[in-house]
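What Swiss-Prot records for this protein:
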type: SIGNAL; residues: 1-24; note: signal peptide
type: DOMAIN; residues: 25-59; note: domain 'Chitin-binding type-1'
type: DISULFID; residues: CYS27-CYS35; note: disulfide bond
type: DISULFID; residues: CYS29-CYS41; note: disulfide bond
type: DISULFID; residues: CYS34-CYS48; note: disulfide bond
type: DISULFID; residues: CYS52-CYS57; note: disulfide bond
type: DISULFID; residues: CYS92-CYS137; note: disulfide bond
type: ACT_SITE; residues: GLU132; note: active site, proton donor
type: DISULFID; residues: CYS150-CYS159; note: disulfide bond
type: DISULFID; residues: CYS236-CYS268; note: disulfide bond
Amino acid sequence: MALTKLSLVLFLCFLGLYSETVKSQNCGCAPNLCCSQFGYCGSTDAYCGTGCRSGPCRSPGGTPSPPGGGSVGSIVTQAFFNGIINQAGGGCAGKNFYTRDSFINAANTFPNFANSVTRREIATMFAHFTHETGHFCYIEEINGASRDYCDENNRQYPCAPGKGYFGRGPIQLSWNYNYGACGQSLNLNLLGQPELVSSNPTVAFRTGLWFWMNSVRPVLNQGFGATIRAINGMECNGGNSGAVNARIRYYRDYCGQLGVDPGPNLSC
C-alpha cells in the first residue's frame, strides 16, 4: 500500500513537471520557450533543435537557427506584420513592396540586432515604421523629389548630379550624408543610386536597420520619447504634438500586442 502511494506521488510530480514544460499543443509558448516540430513548448534540444517552429530555436549543434526561426522571426510573425500593412489602402505602393520576409532577411544581416532584439524594441521600431510610412503605404516621402536634401558642405559624401536624397524606406532615410554613410556600411552605392532603397524591399529595411543601430538603439534605455527625438527631433518640445502622440499610440498598441510594458518616458 505504501509503495502504491509512493508511485502515485511520483506520478503526480511527473505530471507537474511535464505540464510545466509542455504548456500547450500547437504552441503559443512563453517567449523563452521553443515550439517543437510536434507543436509542444519546451527548452531542450528536443524542442529547440531540428524542426523547431518558433522561439529561441537553435540548430542541432546548439547555434541559433536560420532566418525566421530565431527570436526576431518569432516576434515579428506574419500575423503581426499583416496587422499593420493590412491597414494601408489598396492603392498604396508599399502594400506590394514591404513584406515580412524582406524584413526578416534584412534583420539577419545585422546579427547583433537579430540575436538580441526584444519585444519592446520591436514595438518601438514598428511604431516608427508605421508612422513614417503610413502603415507601410509609402515607399518614398510625399513630394520628396521636389525637396532639396543635398548638403553641399559635406565633402565626404558629395551629392551625385541629378540624384535626390529625399526620404525613402521604412525609416525615410534622408540627406546625402546618410545615404553615403549607410551605403558605405552596407557595401552599396546608395550615394550614386539612392533609388535602390525604393526598388528593393530588403535594401529598404536594411537602411532602416542601419539607421536604427547607429542612431536609435543607443537611446532605447532612455524610453520611447528618446527614440522619437533620435528619428525626428523637430517633433519634440511642442514642435508637432500630433505626430508625437500618434507614434506613442502605435507604440502602446504594439506593446499590448506583444505582451510587454511600454515603460516610462514615452513623450519628448
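Quick reminder: no glycine exception, Cβ is built from N, Cα and C everywhere.
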Neighbouring C-beta atoms (10 Å sphere around the C-beta of CYS41 (disulfide bond)): 23
Predicted model, mean pLDDT over the domain 'Chitin-binding type-1' (25-59): 63
Closest of CYS41, CYS92, GLU132, CYS150, CYS159 to CYS268 (disulfide bond), Cα positions, recorded positions only: GLU132
By Cα-Cα distance, the member of recorded positions CYS41, GLU132, CYS137, CYS236 nearest CYS150 (disulfide bond): GLU132
Set of same-chain residues at least 6 away whose C-beta sits under 8 angstroms from CYS159 (disulfide bond): CYS150, ASP151, GLU152, TYR165, ASN176, LEU191
DSSP state at CYS159 (disulfide bond), helix/strand/coil: coil
Site with most surrounding Cβ atoms, counting all protein chains shown within 10 Å, from the disulfide-bonded residues CYS92, CYS137, CYS150, CYS236, CYS268: CYS268
Candidate recorded positions CYS41, CYS92, GLU132, CYS137, pick with smallest Cα gap to CYS236 (disulfide bond): GLU132
Same-chain residues at least 6 apart in sequence whose Cβ lies under 8 Å from GLU132 (active site, proton donor): TYR138, GLY167, PRO170, ILE171, GLN172, ILE231
